[in-house]
């Protein structure tokens, strides 16, 4: 993500480089590239305004700051200041401003000129609208948001980014009674991150220069380079999922698990080809997947939510109704696709913002969020945070009603609240809600990272004992170089807590060797409870497992193989000390404004790896 973080126009490409960590070496490489360009600007075929932006990027750090801090703040602000000045003072029109951004993107070689042009043209209308209509928006605020760093220039006290939830603390917050009339355990299947590509081409180039591949089949395969090309069932490289693989997964689920009580689908139907995005294309992908869901799952209730790719990261406030910016098309479209499962009340809140609540069993309520509004690539947060404040307040109020009714709750949300690309204020406010209602929140379910993971939430004022547990469902996509999967949860019919989690997967390499001659060989990779010989999956037990992982490399390695789903590529890469630390920190970071637990872990784990 390194250099992408420092240039306004290139932030939109950052997700393509997920997993690449910022380091002093990468900062130095970026500085060298800036210096090269400055020394060679006369030879570059770019506009004078683009050259001026490059000239504005500093190449030396202050003595009182690290290069990382300096470039994460000062370089970002310098570039964005220039863009804002060119628009607001020099009054460049949309076309000219976009050409400048493409010039700079191309000269830094972040992507090809074609890809730079396509992506910038997709996001530019939103970005320009926000610059024009929030005259109080400054480069300082933009960098705080894009870098998600409250220490960038000033602490997080920015009115544009700030919001707060009203918390009702009048209740006793008692634990609901265990259900006695219906103690039959439940089977819940968790699917997530499908990323179907309706343009996927077998034998197309799987390792390409773009950040999403497997569409160009003009280059033929050969035996020497066969791993560089798209297989029948998919690819470990940055390729999305052929529709036949989605259908195969759905049919495997209903065949292998005949007694499913519900399916949780935590979002991301649409592919990663942002530079080839149209509303019709996104609608077609959504329709193709949900038509399969309706056909194959039949009478099984499927509870879906939206992923960030459903509108390629942009979720505008409802009052922004101009076709160039509006997200209403998405809400209207999924209302039609989800009408067989959801009640009319739920469909109304979906239409108003993509979230809903349903009582799916006596005593068990699900709350399905659209927390994609908090993703830092949703630039509309720079314009108005009120939509996410309203949704979080609705979440609080719905939990309060559930508490008064003696219900327990499962929360579905696409993006884990603790990751570094989740808006810090969202993370802080969500933490407050979970702390208040943790006694009725039986479990939480996320997607987005495409890893199988669990997360623990601790009270801000008492970090010795956890209060809540979240599961990440992995992915039915292999875009992030991992085998695709789904999860089967055994859920107690008494308190509705998860008692076991089974991960089902197949080896993509072996599946592609057979191709269309044989369907993938799905198998149960593990039962979480049996793998670690756990009595249950209570929050206390999972905290004990985490403590063992932090001091026992053998137990950690077992978890890491679960997390990557035995991906051939990840196994080849291995997990070094940095990977070890990051993996553990991810488990215990539910509020990304609070690094105490992670810092303590760093001190304790230095001797292990």
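Using N, Cα and C of the backbone, Cβ positions are placed for all residues, glycine too.
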Among 20-47, 48-75, TrEMBL lists coiled coil at 20-47
Same-chain neighbours of the Zn(2+) 1 site, Cβ within 8 Å of the mean position of the Cβ atoms of 193, 195, 268 and not counting those residues, run in sequence order as 192, 194, 267, 269, 270, 307, 309, 447, 448, 450, 475, 476, 477, 479
Other than 268, 308, 414, 448, the chain contributes near Zn(2+) 2 (Cβ within 8 Å of their centroid) the residues 192, 193, 266, 267, 306, 307, 309, 372, 375, 415, 447
Checked against DSSP, the composition of the domain 'Saposin B-type' (69-156) is 64 helix, 0 strand, 24 coil
Around the Cβ of residue 193 (Zn(2+) 1 binding site), other Cβ atoms found within 10 Å total 28
Cα of residue 208 (disulfide bond) to Cα of residue 193 (Zn(2+) 1 binding site), in Å and rounded, measures 22
Sparsest Cβ environment (other Cβ within 10 Å) among disulfide-bonded residues 73, 105, 214, 575 belongs to 575
Rounded Cα distance, in Å, between residue 239 (disulfide bond) and residue 195 (Zn(2+) 1 binding site) is 9
One should report the C-alpha separation between residue 214 (disulfide bond) and residue 195 (Zn(2+) 1 binding site), rounded to whole angstrom, as 13
